[in-house]
């Protein structure tokens, strides 16, 4: 049977095309420059008007899902791997169809409203519903249920501390939190500090045929007795909604779709107010970048409390793709991918770095014929990719992809993937190009923030450069503003440099109940200050070069961007899994605290020390970290990396401390999105940092033996 392409997908394909010869990807609009500010830039195909939606009939996240559910009711929608208590393992994927999800979300949404009426916490207009769970089908069913009734979700990271959870629930005045089993006891414990909370809805069953008083429900209700807290399961609420006969209460484009709390690297989380219009504009651009269609499969494992993952799932829904959720253990993600065989993959540089290290270890670093063949293939494909004629440049090879790259991608479960997308942090150019040629896949880098619904720039598939995050999405415009204190100017040559400002249909409304932060972040003429320092090349590609907020000043007056240095170290030294570069204003050089990846560090330490250290022997790995031979070997590697990347003398790291996982969410040094919290890190490791400086000074002043 012949199926015509839906209007929105046809429009996406049209907007995906390359610009005419001689036209940049992002174009400066004539006459828009101001003193200290660059011209306004827009996508080449959005110069007259910014994109709002690919389909005028679709203006909300509710519409995105509903339109696909009506068009493709029998298609697979959400999948999961059930836990098998007999085998103590996870079974193959099971799937809910779009029709089933549509019915469940309608019933659940109606039931949530009924509960708010029942417990006297219903409010006129919009109100929020808390969502605290790891990725799973019910997470998405809850979010879809909320938008079906013009409610909005307030997502809470699954690994968030109790203090941060308490802050978010109180700040957003939640009466109801939908959560998974592990968090119910925490909510009951926090209830005395949560005056607005009245309803907990469990995504997991609470009754399993136990004798009276012995079920999970009985235990939780006993704990909650006298606290004014009612506990339900999702099944109960769906039944309540079904019985109510309550229909949809669909939202409008200007309504709130979610309040997404930022990770809070320097203070309490900020509630980013995002609208349905923001969601549709960003999703439209997502479909332009990566294309989705019936039969496609998406893997869900990045935290759905992060807007990057939310955008990925909106895009899958509008493309009628199916979404398979990982079984909960990120260390076993590849097992899920091998079953899912996703047609695309969205991730972050940290995971791509691990992929790159694993691929190198299994191919180009192998001895003998296998290693030689792999190096030849990588060299040949790299030459093809860098062909000076753009029309002939390609990451694909008819023979080598079939006999070699297919095995590489199959080992990761990505043999069907047409694309890989990297976001949330810069992707090292060397790693970027290696992944392209090793997998024969379009590897695209993008840039976005919570405030931009994760969408701002993205590399088009026809551009094979690295070291940039692509051109503007057609829903947003940008400009740069000079930063004299950091010596960045929009008049710099050959390209303007300055802080990146964004404005457009995807941009957030405000910070919830925080006028001061909103006024600080948004200019009077509507531009959002990203805090990222950027340059724009001749093709209209955006390159992040610095971060305004995370700049150190050393004793000699030199400014340092530690995040840039950390990114280079992480990309160059595969055995380093975490990096913190520190500069003291009273010192003239840098020191660092690095977390190692035991599986990759053990062979390295074995070689340095001349004895075998098993990757599984964590005690032996930790012992090696304290060996001065190992420290000095790592310092030599850091010096080599510094020379390769032409670091200035004051940018070179003069001393290090090596640890296994020094920064975690649990010790409050990482945000739930695994971003380093710099001020708390300094506080926790103040004594160690002082010792590193003392040791480095002693070693520098010690007399050197003459040869």
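Cβ atoms here come from the backbone N, Cα and C positions, even for glycine.
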Per Swiss-Prot record, range annotated region 'Fatty acid-binding' [choices 475-499, 500-524, 525-549]: 525-549
Number of other Cβ atoms within 10 Å of the Cβ of residue 269 (ATP binding site) across all protein chains: 21
Residue counts (helix, strand, coil, in that order) that DSSP gives for the region 'Fatty acid-binding' (525-549): 0 helix, 15 strand, 10 coil
Least buried by Cβ count (within 10 Å) of the binding-site residues 259, 261: 259
Averaged pLDDT, computed only over the residues in the region 'Fatty acid-binding' (525-549): 92
